[in-house]
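Notes follow once the structure below has been shown.
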Amino acid sequence: MIAIYPGSFDPITLGHLDIIERGVVLFEKVIVTVMYNPNKRPLFPVEKRIEQITKCTQHLPGVEVDSYKGLTVDYAKLRKAQVLLRGLRVLSDFEKELQMAHTNKTLAEDVQTIFLATNKEYSFLSSSTVKEIAQFGGSVSHMVPENVLRDLREYYR
């Protein structure tokens, strides 16, 4: 079974990586898909995010990294994926993600959404939090993979 793990991943965090690592145990392939979000102003271009994700997932068999501009369910159909993989940190994530899962179901009845609760050590973690802390010179070494940490230091120096 193929799962799509969509997101902006700007940047990828250890929380995202945790979901990917657990996803490869459950699915034969996990396609981490950098989605274009017109409502966000990205720190890193899509190509850089693909590079970051590829580097920190290279040790994981069954992971592919891609990007897509459009509806996630259309991409899932294009890639013949049966599952959208989503991580949940807190209750407010569940409310938003459940609404999106129901919407996606109306667009693609054969694509299921599977939720994985994040490990508690990552329940506070978001890309936005990482960027805010890094912007002001705080340490994010416990929040992002090493290659992303280097990119953030370079960006904010």
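Backbone N, Cα and C define each Cβ position, glycine as well.
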Check Swiss-Prot for me: it has Ser8, Phe9, His16, Gly87, Leu88, Arg89, Tyr122, Ser123, Phe124, Leu125, Ser126, Ser127, Ser128 binding ATP, so pick out which one of Glu95, Glu97 it puts in that same site.
Glu97
How big is the substrate site in terms of the longest C-alpha to C-alpha distance among Ser8, Lys40, Thr72, Arg86, in angstrom?
19
Least buried by Cβ count (within 10 Å) of the binding-site residues His16, Lys40, Arg86:
Lys40
